[in-house]
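Written below as structure tokens is the structure these notes are about.
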């Protein structure tokens, strides 16, 4: 076997990989089956037969999505709305998680499939049944199916759009007929929206021919009945993350008062932040360490998992959004689906202010697709002409909108010179503005040493607008929320600080009072080898060090427990390549020497500083080359390699450096070394947690 791993070790490793995969999938299925949220089911009748639902609801087009973080769902819904607006089609848009597909060959309409790739070429967790069905479909079993497909992936990963390509391969083998080209969005290149627009334009031309469609001027038709109500009741949402937290509901707890899950995208846990501190502060950057207490729930996590943190929008951005659309935040409204295959996107009834603060993603970049949809609501002819031009010209859109980091309100105020967009219906905003999604952070604690506490390490995004020096700074929604909490928790008067944005820290009905936020744990395959004697190479600059702090704390706790039990355990070599700009932003600087002492010399840390005064820039990939002999020996002795951090630059640079190390160490070509790196990734010995 290659790289010093014998047959027994390889068998154990393969079993481990399979076990982790099964655990992740099993957990998703278990969570789906255990959920008691009635809004999760897309069809009110509970019918899971996809062909029957399409037929019974008189649909003439089907859009399916398999989404891990909500992006595929967002684009599927955009596409569905355009089919309705331009061609008056009766479209069903559905999550594959909610249906069975044995009758897929009997679906009498064309199907569009939007599918995200998760991890190492995997299908999203909710697509277990869909993946199983298409991968086991026999030749000719889907010969009646006509479909098109759009994949969402990241080219910095080894298996770029792997799920979409796998789905397309198996659908084709089963006889399904693909219409048009396979679309591939590349988040790694930052071109997801433009990739979608190019694919969508080509597919619409195909559909015009296939279905003999006549395009009409886009006209918004809501999927919901919108009703204004008069009074607030206990059953009305004021921004609660799910209906479970309304006063009219009772949370599910055991005899000890522990809140029971499952906790996931549909129902997060409201976790107290018991401690937060600033790791460093400079003129342009801050880093916050936050500790979330999970002891009031039955949530379990493993070292290497991610914590999903649900933010609310900053008060300044909420006010800006309300102003440009001339909306009254106190207006109470309800939404009722006009179609049984459609679900309400968030708890209603609610107020306009609550929806905008808690449920809609109002601070993100605006898309050309949204501009195209907004043309019908332009406040005057000049603005309509501008919108039309920008929605069709991606280069001009990039110059005027994207490069300036405009959100929706910024862009519309810029285009209309401050004129209100007061003819835009609230239903349009609900259906066109993306839903708020959680932000995922690599957990920086160990489940062995902090069993019921999760640590998160976050750089606060806050920088001047590069194109508009007089504009407000560009800010990250969740990281600035964590900074607001850190200051308040440490008795700093926020009113006296120069913060770029502020938040309602109490939340709906004071649900978030005393520093709480909605969270859930997302399982990861980013795991230490089960054999403690296995060598480990960790590479993580900046906040990419977060999971490795968890890894090392795990090894410290393990070694201490073994010593207490009288066991003499020998740890394999653990080396961490860490990078920071300078000594001022060296994360957890005081902790690492203590870990080295406790691990009896089995832990070594190598630091690269990229911005020390009067010195050459040094990055982690440079340090890998400096330690080439040691790195090669460790890999040859079966080391596991872990990389965490920036996908575009660092992760590629690290991969290139390791290819060079293997090429020189084994006296093989670069291509051969590249194939060896691919083998390591496939076997689970080279793992990445990158963004």
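Each residue, glycine too, has its Cβ placed from N, Cα and C.
As annotated by Swiss-Prot, FMN binding site applies to 67-72, 78, 116-119, 152-161, 187. Summarising the environment of residue 156 (FMN binding site), the number of other Cβ atoms within 10 Å of its Cβ, over all protein chains shown, is 21.
What Swiss-Prot records for 439, 440, 441, 442, 457, 458, 459, 476, 477, 478, 479, 691 is FAD binding site, and it gives experimental evidence as the kind of evidence. DSSP assigns residue 477 (FAD binding site) to a helix.
Residues or ranges marked as domain 'Flavodoxin-like' in Swiss-Prot (evidence: sequence analysis): 61-204.
Under the heading domain 'FAD-binding FR-type', Swiss-Prot lists 266-529, citing sequence analysis as support.
The feature topological domain 'Cytoplasmic' is assigned by Swiss-Prot to 25-691, with a curator's inference given as support.
If you look up Swiss-Prot, you'll see 8-24 marked as transmembrane segment.
The secondary structure of residue 459 (FAD binding site), as reduced to three states from DSSP, is extended strand. According to DSSP, residue 156 (FMN binding site) sits in a coil region rather than a helix or strand. Neighbour count (other Cβ atoms within 10 Å of the Cβ, all protein chains): 24 for residue 457 (FAD binding site). Sorting the binding-site residues 70, 153 by the number of other Cβ atoms within 10 Å puts 153 first. Each residue contributes its Cα atom, and for residue 78 (FMN binding site) and residue 439 (FAD binding site) those atoms are 22 Å apart. Annotation note: residue 67 (FMN binding site) sits in a coil segment as assigned by DSSP. Residues 439, 440, 441, 442, 457, 458, 459, 476, 477, 478, 479, 691, recorded as contacting FAD, have a largest CA-CA distance of 17 Å. DSSP states for the domain 'Flavodoxin-like' (61-204), grouped as helix (H, G, I), strand (E, B) and coil, give 62 helix, 34 strand, 48 coil.
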